[in-house]
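Here's the structure, in C-alpha coordinates; my notes come after.
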Amino acid sequence: MSNNGADLTFGYISCFVAILLFGSNFVPLKKFDTGDGMFLQWVLCAAIWLVALVVNLILHCPKFWPFAMLGGCIWATGNIAVVPIIKTIGLGLGILIWGSFNALTGWASSRFGWFGLDAEEVSNPLLNYIGAGLSVVSAFIFLFIKSEIPNNTCSMDTTPLITEHVINTTQDPCSWVDKLSTVHHRIVGCSLAVISGVLYGSTFVPIIYIKDHSKRNDSIYAGASQYDLDYVFAHFSGIFLTSTVYFLAYCIAMKNSPKLYPEAVLPGFLSGVLWAIATCCWFIANHSLSAVVSFPIITAGPGFIAAMWGIFMFKEIKGLQNYLLMILAFCIILTGALCTAFSKI
(Lines of atoms letter the chains of each structure in order from A and count residues from 1; the text may use other names and numbers.)
(Lines give C-alpha, C1' and ligand atoms only; values in the text may rest on other atoms or scores of the structure.)
Protein backbone atom coordinates (compact mmCIF):
# COMPACT_ATOMS: atom_id res chain seq x y z
CA MET A 1 0.00 0.00 0.00
CA SER A 2 1.31 3.44 -0.90
CA ASN A 3 1.94 6.06 1.73
CA ASN A 4 -1.08 8.00 0.50
CA GLY A 5 -3.26 4.90 0.74
CA ALA A 6 -1.96 4.16 4.23
CA ASP A 7 -2.72 7.74 5.31
CA LEU A 8 -6.27 7.47 4.00
CA THR A 9 -6.83 4.15 5.75
CA PHE A 10 -5.41 5.45 9.02
CA GLY A 11 -7.49 8.59 8.68
CA TYR A 12 -10.76 6.71 8.18
CA ILE A 13 -9.98 4.39 11.11
CA SER A 14 -9.37 7.47 13.26
CA CYS A 15 -12.72 8.85 12.09
CA PHE A 16 -14.47 5.66 13.15
CA VAL A 17 -12.94 5.68 16.65
CA ALA A 18 -13.70 9.39 17.05
CA ILE A 19 -17.34 8.86 16.01
CA LEU A 20 -17.80 6.00 18.47
CA LEU A 21 -16.31 7.91 21.42
CA PHE A 22 -17.93 11.28 20.63
CA GLY A 23 -21.31 9.59 20.45
CA SER A 24 -20.80 7.84 23.80
CA ASN A 25 -18.75 10.22 25.93
CA PHE A 26 -21.74 11.81 27.70
CA VAL A 27 -23.41 8.47 28.47
CA PRO A 28 -21.63 8.04 31.86
CA LEU A 29 -23.21 11.32 33.00
CA LYS A 30 -26.79 10.61 31.99
CA LYS A 31 -27.85 8.87 35.20
CA PHE A 32 -26.34 11.46 37.54
CA ASP A 33 -27.59 14.87 38.57
CA THR A 34 -25.17 17.47 37.27
CA GLY A 35 -27.00 20.64 38.31
CA ASP A 36 -26.32 23.57 36.02
CA GLY A 37 -23.22 21.91 34.58
CA MET A 38 -20.59 24.44 35.65
CA PHE A 39 -18.85 22.13 38.13
CA LEU A 40 -19.11 19.22 35.70
CA GLN A 41 -17.54 21.35 32.97
CA TRP A 42 -14.49 21.97 35.12
CA VAL A 43 -14.08 18.28 36.09
CA LEU A 44 -14.43 17.19 32.47
CA CYS A 45 -11.87 19.74 31.29
CA ALA A 46 -9.40 18.72 34.00
CA ALA A 47 -9.54 15.15 32.66
CA ILE A 48 -9.07 16.45 29.12
CA TRP A 49 -5.94 18.35 30.13
CA LEU A 50 -4.43 15.28 31.83
CA VAL A 51 -4.85 13.25 28.63
CA ALA A 52 -3.17 16.08 26.71
CA LEU A 53 -0.26 16.01 29.15
CA VAL A 54 0.28 12.30 28.51
CA VAL A 55 0.10 12.79 24.73
CA ASN A 56 2.52 15.71 24.95
CA LEU A 57 5.06 13.58 26.83
CA ILE A 58 4.68 10.74 24.31
CA LEU A 59 5.40 13.23 21.49
CA HIS A 60 8.49 14.50 23.39
CA CYS A 61 7.01 17.92 24.14
CA PRO A 62 6.75 19.64 20.72
CA LYS A 63 6.88 23.44 20.57
CA PHE A 64 4.00 25.16 22.36
CA TRP A 65 2.14 27.73 20.26
CA PRO A 66 -0.05 29.95 22.51
CA PHE A 67 -2.34 30.91 19.60
CA ALA A 68 -3.49 27.27 19.42
CA MET A 69 -5.02 27.79 22.88
CA LEU A 70 -7.66 30.03 21.30
CA GLY A 71 -9.34 26.99 19.76
CA GLY A 72 -9.60 25.46 23.21
CA CYS A 73 -11.14 28.67 24.55
CA ILE A 74 -13.77 28.58 21.80
CA TRP A 75 -14.58 24.94 22.51
CA ALA A 76 -14.88 25.46 26.28
CA THR A 77 -17.25 28.37 25.68
CA GLY A 78 -19.52 26.18 23.55
CA ASN A 79 -19.28 23.30 26.00
CA ILE A 80 -20.79 25.31 28.86
CA ALA A 81 -24.19 24.68 27.32
CA VAL A 82 -23.88 20.88 27.13
CA VAL A 83 -25.65 20.06 30.40
CA PRO A 84 -28.57 22.45 29.74
CA ILE A 85 -28.88 20.98 26.23
CA ILE A 86 -28.99 17.38 27.49
CA LYS A 87 -31.52 18.34 30.19
CA THR A 88 -33.82 20.14 27.77
CA ILE A 89 -33.81 18.12 24.53
CA GLY A 90 -31.88 14.98 25.46
CA LEU A 91 -28.53 13.42 24.66
CA GLY A 92 -29.40 12.02 21.24
CA LEU A 93 -31.15 15.04 19.74
CA GLY A 94 -28.63 17.45 21.30
CA ILE A 95 -25.63 15.77 19.69
CA LEU A 96 -27.48 15.44 16.39
CA ILE A 97 -28.20 19.18 16.19
CA TRP A 98 -24.88 20.55 17.40
CA GLY A 99 -23.02 17.95 15.33
CA SER A 100 -24.73 19.11 12.14
CA PHE A 101 -23.92 22.78 12.70
CA ASN A 102 -20.43 21.79 13.81
CA ALA A 103 -19.96 20.00 10.49
CA LEU A 104 -21.21 22.90 8.41
CA THR A 105 -19.07 25.52 10.17
CA GLY A 106 -15.90 23.43 10.16
CA TRP A 107 -16.33 22.35 6.55
CA ALA A 108 -17.09 25.85 5.24
CA SER A 109 -14.18 27.52 7.05
CA SER A 110 -11.75 24.98 5.56
CA ARG A 111 -13.29 24.72 2.10
CA PHE A 112 -13.62 28.45 1.45
CA GLY A 113 -10.68 29.73 3.49
CA TRP A 114 -12.53 31.70 6.16
CA PHE A 115 -10.68 33.42 9.03
CA GLY A 116 -7.45 33.71 7.05
CA LEU A 117 -7.15 30.00 6.26
CA ASP A 118 -5.97 28.61 2.94
CA ALA A 119 -8.91 27.19 1.00
CA GLU A 120 -8.59 23.40 0.77
CA GLU A 121 -9.05 21.58 -2.52
CA VAL A 122 -10.46 18.08 -2.99
CA SER A 123 -10.32 15.66 -5.91
CA ASN A 124 -14.07 15.81 -6.51
CA PRO A 125 -15.55 19.16 -5.36
CA LEU A 126 -19.10 18.20 -6.43
CA LEU A 127 -19.20 15.19 -4.11
CA ASN A 128 -17.79 17.34 -1.31
CA TYR A 129 -20.49 19.97 -1.78
CA ILE A 130 -23.20 17.30 -1.84
CA GLY A 131 -21.86 15.77 1.37
CA ALA A 132 -21.83 19.10 3.18
CA GLY A 133 -25.26 20.01 1.83
CA LEU A 134 -26.76 16.76 3.10
CA SER A 135 -25.40 17.56 6.57
CA VAL A 136 -27.40 20.80 6.48
CA VAL A 137 -30.55 18.96 5.38
CA SER A 138 -30.17 16.45 8.20
CA ALA A 139 -29.86 19.29 10.73
CA PHE A 140 -33.30 20.63 9.78
CA ILE A 141 -34.84 17.16 10.00
CA PHE A 142 -33.47 16.71 13.52
CA LEU A 143 -35.26 19.88 14.63
CA PHE A 144 -38.61 18.14 14.02
CA ILE A 145 -37.76 15.10 16.16
CA LYS A 146 -39.41 15.33 19.57
CA SER A 147 -37.57 13.90 22.57
CA GLU A 148 -39.14 12.95 25.89
CA ILE A 149 -37.11 14.15 28.88
CA PRO A 150 -38.26 13.15 32.37
CA ASN A 151 -39.20 16.08 34.58
CA ASN A 152 -36.67 16.79 37.33
CA THR A 153 -38.38 16.56 40.68
CA CYS A 154 -35.54 18.37 42.40
CA SER A 155 -35.66 16.00 45.36
CA MET A 156 -33.37 16.51 48.31
CA ASP A 157 -31.57 13.30 47.33
CA THR A 158 -29.87 15.30 44.58
CA THR A 159 -29.11 18.37 46.65
CA PRO A 160 -25.53 19.53 46.07
CA LEU A 161 -23.04 18.53 48.76
CA ILE A 162 -21.87 22.04 49.51
CA THR A 163 -25.34 23.35 50.32
CA GLU A 164 -25.90 20.78 53.06
CA HIS A 165 -23.41 22.56 55.30
CA VAL A 166 -24.61 26.11 54.76
CA ILE A 167 -26.25 27.37 57.95
CA ASN A 168 -29.30 29.64 57.93
CA THR A 169 -29.29 29.77 54.13
CA THR A 170 -32.16 28.67 51.93
CA GLN A 171 -31.06 27.42 48.51
CA ASP A 172 -33.18 25.99 45.77
CA PRO A 173 -31.71 22.60 44.72
CA CYS A 174 -33.17 23.07 41.22
CA SER A 175 -31.06 24.65 38.51
CA TRP A 176 -32.51 27.26 36.13
CA VAL A 177 -32.90 24.57 33.48
CA ASP A 178 -35.23 22.52 35.69
CA LYS A 179 -37.60 25.48 36.05
CA LEU A 180 -38.23 25.92 32.32
CA SER A 181 -41.62 25.07 30.84
CA THR A 182 -41.95 22.30 28.25
CA VAL A 183 -42.12 24.79 25.36
CA HIS A 184 -39.14 26.76 26.65
CA HIS A 185 -37.21 23.50 27.10
CA ARG A 186 -37.29 22.88 23.36
CA ILE A 187 -36.61 26.49 22.35
CA VAL A 188 -33.69 26.90 24.76
CA GLY A 189 -32.25 23.44 24.07
CA CYS A 190 -32.30 23.74 20.27
CA SER A 191 -30.96 27.32 20.34
CA LEU A 192 -28.08 26.40 22.64
CA ALA A 193 -27.30 23.33 20.50
CA VAL A 194 -27.03 25.51 17.37
CA ILE A 195 -24.75 28.04 19.11
CA SER A 196 -22.55 25.29 20.56
CA GLY A 197 -22.32 23.64 17.15
CA VAL A 198 -21.06 26.84 15.49
CA LEU A 199 -18.46 27.31 18.25
CA TYR A 200 -17.37 23.68 18.04
CA GLY A 201 -16.96 24.05 14.29
CA SER A 202 -14.50 26.91 14.82
CA THR A 203 -12.30 25.13 17.34
CA PHE A 204 -9.64 23.93 14.86
CA VAL A 205 -9.31 27.27 13.06
CA PRO A 206 -6.28 28.53 15.06
CA ILE A 207 -4.37 25.28 14.51
CA ILE A 208 -5.09 25.19 10.78
CA TYR A 209 -4.14 28.88 10.61
CA ILE A 210 -0.74 28.14 12.18
CA LYS A 211 -0.15 25.22 9.82
CA ASP A 212 -1.09 27.25 6.74
CA HIS A 213 1.11 30.19 7.71
CA SER A 214 4.04 27.96 8.67
CA LYS A 215 4.76 27.65 4.94
CA ARG A 216 5.37 31.40 4.64
CA ASN A 217 8.81 32.68 5.50
CA ASP A 218 7.50 36.11 6.53
CA SER A 219 5.09 34.65 9.10
CA ILE A 220 5.75 34.38 12.84
CA TYR A 221 4.62 30.77 12.48
CA ALA A 222 7.25 29.92 9.84
CA GLY A 223 8.52 26.39 10.33
CA ALA A 224 5.69 25.31 12.65
CA SER A 225 4.83 21.61 12.65
CA GLN A 226 2.44 20.22 10.04
CA TYR A 227 1.43 17.37 12.35
CA ASP A 228 -1.87 18.27 14.00
CA LEU A 229 -1.30 16.21 17.14
CA ASP A 230 1.69 18.44 18.03
CA TYR A 231 -0.84 21.15 18.93
CA VAL A 232 -3.03 19.03 21.19
CA PHE A 233 -1.38 20.18 24.44
CA ALA A 234 -1.82 23.87 23.63
CA HIS A 235 -5.38 23.28 22.45
CA PHE A 236 -6.37 21.33 25.56
CA SER A 237 -4.56 23.81 27.81
CA GLY A 238 -6.81 26.51 26.38
CA ILE A 239 -9.80 24.35 27.25
CA PHE A 240 -8.73 23.86 30.86
CA LEU A 241 -7.72 27.49 31.38
CA THR A 242 -11.01 28.80 30.01
CA SER A 243 -13.13 26.36 31.99
CA THR A 244 -11.26 27.35 35.16
CA VAL A 245 -11.94 31.04 34.51
CA TYR A 246 -15.63 30.31 33.90
CA PHE A 247 -15.86 28.20 37.05
CA LEU A 248 -14.26 30.91 39.18
CA ALA A 249 -16.64 33.48 37.70
CA TYR A 250 -19.50 31.11 38.51
CA CYS A 251 -18.30 30.79 42.13
CA ILE A 252 -18.20 34.58 42.42
CA ALA A 253 -21.69 34.90 40.93
CA MET A 254 -22.96 32.28 43.39
CA LYS A 255 -21.35 34.21 46.29
CA ASN A 256 -18.88 31.40 46.97
CA SER A 257 -21.68 28.84 47.32
CA PRO A 258 -21.47 26.90 44.05
CA LYS A 259 -23.54 23.78 43.55
CA LEU A 260 -21.15 20.85 43.63
CA TYR A 261 -22.33 17.33 42.86
CA PRO A 262 -19.73 14.82 44.14
CA GLU A 263 -21.46 11.82 42.57
CA ALA A 264 -20.78 13.33 39.14
CA VAL A 265 -17.00 13.63 39.60
CA LEU A 266 -15.92 10.16 38.42
CA PRO A 267 -18.47 9.98 35.55
CA GLY A 268 -17.40 13.49 34.53
CA PHE A 269 -13.75 12.50 34.57
CA LEU A 270 -14.48 9.41 32.45
CA SER A 271 -16.46 11.54 30.02
CA GLY A 272 -13.51 13.92 29.70
CA VAL A 273 -11.08 11.09 29.00
CA LEU A 274 -13.33 9.64 26.29
CA TRP A 275 -13.73 13.06 24.69
CA ALA A 276 -9.99 13.75 24.78
CA ILE A 277 -9.14 10.44 23.10
CA ALA A 278 -11.79 11.07 20.46
CA THR A 279 -10.39 14.54 19.76
CA CYS A 280 -6.86 13.16 19.44
CA CYS A 281 -8.23 10.78 16.80
CA TRP A 282 -9.82 13.79 15.10
CA PHE A 283 -6.46 15.57 15.04
CA ILE A 284 -4.98 12.51 13.34
CA ALA A 285 -7.86 12.40 10.84
CA ASN A 286 -7.36 16.09 10.04
CA HIS A 287 -3.72 15.37 9.26
CA SER A 288 -4.42 12.27 7.15
CA LEU A 289 -7.57 13.39 5.32
CA SER A 290 -7.69 17.21 5.74
CA ALA A 291 -10.37 19.07 7.71
CA VAL A 292 -12.62 19.53 4.67
CA VAL A 293 -13.09 15.74 4.61
CA SER A 294 -12.89 14.82 8.31
CA PHE A 295 -15.35 17.45 9.55
CA PRO A 296 -18.50 16.24 7.72
CA ILE A 297 -17.72 12.62 8.61
CA ILE A 298 -16.79 12.95 12.29
CA THR A 299 -19.42 15.53 13.17
CA ALA A 300 -22.30 13.67 11.54
CA GLY A 301 -21.46 10.18 12.82
CA PRO A 302 -21.74 10.69 16.62
CA GLY A 303 -25.37 11.68 16.22
CA PHE A 304 -26.16 8.14 15.08
CA ILE A 305 -24.38 6.62 18.09
CA ALA A 306 -25.97 9.09 20.52
CA ALA A 307 -29.42 8.51 19.04
CA MET A 308 -29.04 4.77 19.55
CA TRP A 309 -28.25 5.43 23.21
CA GLY A 310 -31.23 7.78 23.37
CA ILE A 311 -33.61 5.25 21.82
CA PHE A 312 -32.54 1.95 23.39
CA MET A 313 -30.98 2.95 26.72
CA PHE A 314 -32.60 6.20 27.86
CA LYS A 315 -35.94 5.98 25.96
CA GLU A 316 -35.74 9.68 25.05
CA ILE A 317 -37.05 9.28 21.50
CA LYS A 318 -40.35 7.43 20.99
CA GLY A 319 -43.13 7.17 18.43
CA LEU A 320 -43.35 5.95 14.84
CA GLN A 321 -43.08 9.45 13.35
CA ASN A 322 -39.89 10.16 15.28
CA TYR A 323 -38.43 6.80 14.30
CA LEU A 324 -39.17 7.44 10.62
CA LEU A 325 -37.58 10.89 10.83
CA MET A 326 -34.54 9.36 12.51
CA ILE A 327 -34.18 6.72 9.80
CA LEU A 328 -34.48 9.39 7.09
CA ALA A 329 -31.91 11.58 8.82
CA PHE A 330 -29.50 8.68 9.25
CA CYS A 331 -29.77 7.76 5.57
CA ILE A 332 -29.01 11.36 4.64
CA ILE A 333 -26.05 11.46 7.05
CA LEU A 334 -24.65 8.18 5.70
CA THR A 335 -25.00 9.36 2.11
CA GLY A 336 -23.36 12.68 2.96
CA ALA A 337 -20.48 10.99 4.79
CA LEU A 338 -19.84 8.64 1.86
CA CYS A 339 -19.92 11.52 -0.62
CA THR A 340 -17.43 13.44 1.50
CA ALA A 341 -15.17 10.42 1.91
CA PHE A 342 -15.09 9.64 -1.82
CA SER A 343 -14.47 13.30 -2.69
CA LYS A 344 -10.93 12.84 -1.35
CA ILE A 345 -10.16 9.80 -3.51
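Heads up, the Cβ atoms here are built off N, Cα and C, so glycines get one too.
Swiss-Prot has this to say about the protein:
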type     : residues : note
TRANSMEM : 8-28     : transmembrane segment
TRANSMEM : 39-59    : transmembrane segment
TRANSMEM : 64-86    : transmembrane segment
TRANSMEM : 93-115   : transmembrane segment
TRANSMEM : 125-145  : transmembrane segment
TRANSMEM : 190-210  : transmembrane segment
TRANSMEM : 232-252  : transmembrane segment
TRANSMEM : 264-284  : transmembrane segment
TRANSMEM : 292-312  : transmembrane segment
TRANSMEM : 323-343  : transmembrane segment
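Contact between the transmembrane segment (232-252) and the transmembrane segment (323-343) is absent: fewer than three CB pairs lie under 8 Å, with pairs separated by 6 or more positions in sequence. Fewer than three CB pairs closer than 8 A are found between the transmembrane segment (292-312) and the transmembrane segment (39-59), and contact between the two stretches is not assigned (pairs 6 or more residues apart). The stretches the transmembrane segment (8-28) and the transmembrane segment (264-284) are in mutual contact, each linked to the other by at least three Cβ pairs under 8 Å (pairs 6 or more apart in sequence).
Same-chain residues lying 6 or more positions outside the transmembrane segment (64-86) and placing a CB less than 8 Å from one of its CB atoms are 26, 29-30, 34-38, 40-41, 44-45, 94, 98, 177, 188-189, 192-193, 195-200, 202-207, 209-210, 221, 224, 231, 233-243, 246.
Residues 12, 96, 122-128, 130-135, 137-138, 141-142, 144-145, 293, 296-297, 300-301, 303-304, 307, 311, 317 of the same chain, all 6+ positions outside the transmembrane segment (323-343), place their C-beta atoms under 8 angstroms from a C-beta of that stretch. Tertiary proximity for the transmembrane segment (190-210) is limited to same-chain residues at least six positions away from its ends with a CB under 8 Å from its CB atoms, namely 65, 67-72, 74-75, 77-79, 81-82, 84-85, 88-89, 93-94, 97-107, 109-110, 114-117, 143, 221, 224, 228, 231, 235, 286, 291, 295, 299.
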